[in-house]
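*Asks:* If you scroll down you'll find the structure; I have some questions about it.
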Amino acid sequence: MLEALGLSRCPSCMHNFRQLVCYLSCSPWQSRILNVTRSRWIETDENTQVEAVDEVDYHVSELYAYLLYESCKDVQGLIPGTVIVDFLCGSWGGSHCNPERWMEFMGTTPADGGYSPFKINHVLHVEDKIKIDGHTFFPFKEPTYKCSESPKPGVEACSCYDCKESCSALALTPPFFPDPPEPFLIFEADGTIIISISIFILFVIIITLIFYFLKSPGHSKHQPVPFLESTPMCVNLGSLEEIEPLRSKNKPTVSPNKGIQNISQKLANRISKNAGYCLERQLEATFTSWGLFVSRRPVTVMVFSLLTFMVLSFGLILNFDVITNPVDLWVSSSSEARRDMEDYNKYFGPFYRIEHIIITPTNQEQFHHSIVVNHELKNISWGPAFQQDFLLAALDLQLQIENLTSTLDNTTVHLKDVCLSPLKPLNTECAIQSFFGFFQNEEEFFRNTTKYLEHFKSCSQVSTNAKCFAPFGGPIDSAAVVLGGFGNSFDSARALIITIPVPNYNDAAMTLKAKIWEAEFLTFIKNYSHPLMNVAFKAERSIQDEIERGSRSDLLPIAVSYLLMLFYITASLGEYNGCKTCLVESKFTLGFVGVLIVLLSVLSSLGLLSFLGIPITLIIVEVIPFLVLAVGVDNIFILVQAFQ
């Protein structure tokens, strides 16, 4: 038990605490340290009467209690960021704990939020010998060990993490730091800045001088020799020796190197233009031949195209798959972060599937109510989340969610079948992090305002108190996890947060039950309404569901866009000479076939990707149909207007 609490992290603390418990339980000198103050007779299985102890006084040396507390007060708790006395000091918590309060809580029974099987009053004494009602007692006082000392040979002392005194040896020997180098100064100023400014000024001066000499009247520039502009297209220009530059008689002769450079540049530009022209003429000739081939064999081309479309689009039926997993959609499979996540999931399993419900009251007014806090009556301003009628309605919502069921393969799936239950099979309750966990989901708590406010105040200070444990048998992590909008004080909370952790697995088949229940949860919560509250929610599958919904909802905009393009082509390309011939001249068939070709092209592409086993991304589903439509319609306009 003591090791499970975490005391074994510090051997000295463990030794001192074990002495206190062992002398209470089985010391041959119990009569010298214990005094039974209350007992009762009970009947055993053999129908005999035996006397059972209900309450004892345990006389302990005040010095021993102090040294025990000092050896254990810094030992870290089971929950990160806590110390063990947070769990062992009751409602006082670690921040207000002291030896007397620790001893008091350690003797408290479960009825009062403690763990002792019977009431133990730890009575602390300064004296080594006392007399009570004519009976002499010798307060328990055994040798203790500091947390920085080893309790026995071969056992290490407490670590620096659990014992501040163990850090003192390290603190006495500060690390060696070399003397800082002398600063680099020029004229008592930072040398680096002086050098940087000097280089900048020198650079400006050099640029200014170069610009000045280039623009000076005595500096003449030779103009490049122009090419003869009569070179024919797509013809070899010949060698440089055959090109005779023109020279002006009024200007100096251009240097040979510079003349050659200008000639080379002009020649390169000319070749580039000619190459582009030749490529354009070649493409024009090729596609003209292709157009003639298609126009002379229309039936053959249409039949072949339709057969190709039917074969490729069959892939949509066999293996069409849209990527909706956010990780697959937005993270590259070769990225370092993705590989790190997959390695972690492989050895430790993926993180929990999280279901969230955020509940805010419609009435956001605060109220005042007096409660007893640490034996003092205080008038506290409470946030809207603590309104009695709102809490009762929110508790009812949580219980409805816990009772939701779904069906998979004729099997009923309950929340308990998929949720995290850390104490299974002893306790099958879900580890739901909820405000109502402090109250074991008991509605009776909320019939009395003072009762539930005092109970919450105590649990918010020390959530590890046994009376604050949730139905799953463990503590709520913190009031900060189950409340929202509280600012600097939990008392001013404006919202409740319910978190349902569900185990996750690398094998998608093992998460199927969880997904089925989540679907039922989303269906229920979307249709839920209550006049006292507003509900926001998210399930683990919510993002993926929205991606799938968005993919399906894009079908209508795509269909509307294609119809609009059809009417646009009909209206824009038609040449209307009269009502009798408007149907012939409207180009409706042209527009319909053009849009149909675009649609068949998109479907064929999707089918080909499906045949190859490549899942479709949202970019293909949402962008490509519009992009291909725009290009296709543009080509229709270019061809028809060129023909007209």
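Quick reminder: no glycine exception, Cβ is built from N, Cα and C everywhere.
Source: prediction; values computed, not measured.
From TrEMBL, for reference:
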{"type": "DOMAIN", "residues": "554-644", "note": "domain 'SSD'"}
{"type": "TRANSMEM", "residues": "193-214", "note": "transmembrane segment"}
{"type": "TRANSMEM", "residues": "299-318", "note": "transmembrane segment"}
{"type": "TRANSMEM", "residues": "555-576", "note": "transmembrane segment"}
{"type": "TRANSMEM", "residues": "588-612", "note": "transmembrane segment"}
{"type": "TRANSMEM", "residues": "618-640", "note": "transmembrane segment"}
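Give me the lay of the land around each of these features.
*Replies:* Across the domain 'SSD' (554-644), the prediction's mean pLDDT works out to 81.
Residues 186-187 of the same chain lie 6 or more positions beyond the ends of the transmembrane segment (193-214) yet place their CB under 8 Å from a CB of it.
If one looks beyond the transmembrane segment (618-640) by at least 6 residues along the same chain, the residues whose Cβ comes under 8 Å of a Cβ in the stretch are 322-323, 329, 547, 550-551, 554, 558, 561-562, 565, 568-569, 572-573, 587, 590-591, 594-595, 597-598, 601-602, 605-606, 609.
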